[in-house]
Amino acid sequence: MLAGIDYFIVIAYIVGMLLLGLYFKKFVNTSEDYFLGGKSLPFWAIGMSIVVSDIGALDFVGVSGQAYRYGVSVGNFDWVGSVPAMLLAAFIFIPYFWRGGMYTIPEYLGRRYNKSVRTIASATWILFFALDLGVLFWASAVLLNVLMGWPIWISILSTAGVVGLYTYFGGITAVIMTDVVQMIIMFVGGFALVFLGLHAVGGWENMVEKISTMGPEYQSHFDIIQPSDTTSPFPWTGILFGLTFVMANAYMIGNQSIVQRCLTAKNEWHAKASMIFGSALKMFIPILVLFPGLMAVVVHPDLADGDQALPMMIKSILPPGLVGLMFAAFFAGLMSSVDSLLNSTATLFTKDIYEPFIKKGASDKHYLKVGQITTLILLIFGVATSPISSDFPGIYVAIQTFMSYFQGPLFAILLLGIFWKRTTQWGGLSALIIGIAFAVFLNVFKEHFFHIEDPFLYISWWSFLVGFVINIVVSLCTKKHSEKELQGLVFNAKIVTENTSI
Amino acid sequence: MLNFDWAAGISQETAKMIFFGLYLIIGALVLLLPTEYIYQGIPKEKRSWYHNLKIWSWAVLGILATVYYLF
């Protein structure tokens, strides 16, 4: 399928990433260097890294497929699903975490609530991140197998080798700086496809006209706001309550791999600016992933599976050279997701499990070594579990769906934890456990409760609300924390009016 | 109740206005932040208008509102 120049571009990209990542090895001397980049990184690199980590190759295909089926309303996830949450994170949460010198989100939860909340949150993230790794390795192997003709196991080992090497040696600095290049490649490849695709469909207005006259099911393809009684997964009520108020905030404020990047900023201004810059870049993502899906409605109107939209557009629109660049962009998406998972999981394990439970008070070099060894073990685990994806093709969706059920209750305890002094450790713990259990219950019996196709937005909202209420009720019934215990952990107007450090 | 049946009578145009209202509220809250807090981390003598994160936020919210106006 690829021409000679395409092979060259893909291989040059892989080798280039390896060399660039290994270059940052020399900056890693302490555990802070490894997990927080020595708190030295600029906002633009962090912002670009947040964006590229958020959008993986699987999302490229999946979002294009959803745009093919449901139209522009899927763009809500990168527009209203990012900007408000990233501004809230930039101005309220990130400064708290940054000033507090924290490494992980569960570390904040541990200080604000108790060790159990920290451990549950951390163990859940570790479990999902580790399972995700295998899925991503398999996806990249399938990609390399189809493109380059490499056997699956060679493909898995080469992906693991390249990403593993630079993540093991270079830590989060290597992860972020390779992400910068990966984002540029994704944007160049993506915009080339959109530009040529628009030319192929006769321009934007022509495309809108053609799609609008294709039948009643395409009448609302260009409506970003869908009615609340739509059967698609994106009614405006779900977008507002489930996505904007809960899932987006939980993702931007409670996701370790996102927040950890901001904590690498060289100062507080860079930490805040990284989120806002990232939100600006995020608004271009729907153009890259959604527009090809819309164009495919015109170019390939009879696709049985919407997920075929993007591959078919690449195949039919792009010339040799750009095909290689587009596949390098796909690979960039996969690599950035894998390196983020590796580094964030190693940080969570070292800081939230190993340090408090296995070996307290060891030297900094020891924790640096533990972080590196954890990265290596995760790499082996990811490679060993990758064939699961072949046996259970729905596992990626299953993991993502279950993750979304964890996010509502997590955001409820983060929000109350930072804004309400009266919240207690037992309130937080009950909210997390009961909230997750309620989300699972709603999912199991979703046919009885919901009438839209995939009610994950509604489930996030209701599980958030249950977690929120449980936290308040249990907190009011249990002993409150002292002022001393809460120092620097609860929002105080002083943080925005005085030049104080936590 | 779980399906937000109470919102069935709200038109798509009204729903869009709710989103615009949300952006305005967020923009107003950003404006209320003290200037010192916005520049925290940049030495006073090096501060410039482009370090003002309120401008950044309003630019991003402006683009977002434009997207929702267009679609």
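One is the number of the first residue shown, and numbering goes on along the chain from there.
In case you wondered, yes, glycine gets a Cβ from its N, Cα and C as well.
TrEMBL: automatically predicted annotations, no manual curation.
Under the heading transmembrane segment, TrEMBL lists A:6-24, A:44-67, A:79-98, A:119-144, A:150-169, A:181-201, A:234-254, A:275-297, A:317-335, A:367-389, A:395-419, A:426-445 (among others).
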Could you pull out which residues elsewhere in the chain have a CB under 8 Å from any CB of the transmembrane segment (A:234-254), counting only those six or more residues past its ends? 70, 73-74, 76-77, 80-82, 84-86, 88-89, 93, 105, 225-228, 275, 404, 407-408, 410-411, 414-415, 452, 455-461, 464
Ranking A:44-67, A:150-169, A:275-297, A:426-445 by Cβ pairs under 8 Å to the transmembrane segment (A:6-24), which is first? A:150-169
Select the range from A:79-98, A:150-169, A:181-201, A:367-389, A:395-419 that forms the most Cβ-Cβ pairs under 8 Å with the transmembrane segment (A:119-144). A:367-389
Any chance the transmembrane segment (A:275-297) and the transmembrane segment (A:317-335) have 3 or more Cβ pairs under 8 A, given the pairs are 6 or more apart in sequence? no
For the transmembrane segment (A:317-335), find every same-chain residue at least 6 residues outside the stretch whose CB is under 8 Å from a CB in it, and list them. 1-10, 13-14, 17, 52, 55-60, 136, 139-140, 143-144, 147, 159, 162-163, 178, 181-183, 185-186, 188-190, 192-193, 196-197, 200, 299
Intrachain residues whose Cβ lies under 8 Å of the transmembrane segment (A:395-419), provided they are six or more past its termini: 58, 92-93, 96, 105, 108-109, 112-113, 117, 121, 124, 128, 131-132, 135, 139, 246-247, 249-251, 253-254, 388-389, 427-428, 431-432, 434-436, 438-440, 443, 456, 459-468, 471-472, 475, 489-491
Which listed range (A:44-67, A:79-98, A:150-169) shows the maximal number of Cβ pairs under 8 Å with respect to the transmembrane segment (A:181-201)? A:44-67
Long-range Cβ contacts under 8 Å made by the transmembrane segment (A:367-389), restricted to residues 6 or more beyond its ends, are 28, 30-31, 33-35, 130-131, 133-139, 141, 156-157, 160, 164, 167-169, 171, 338, 341-343, 345-347, 349-350, 354-355, 395-396
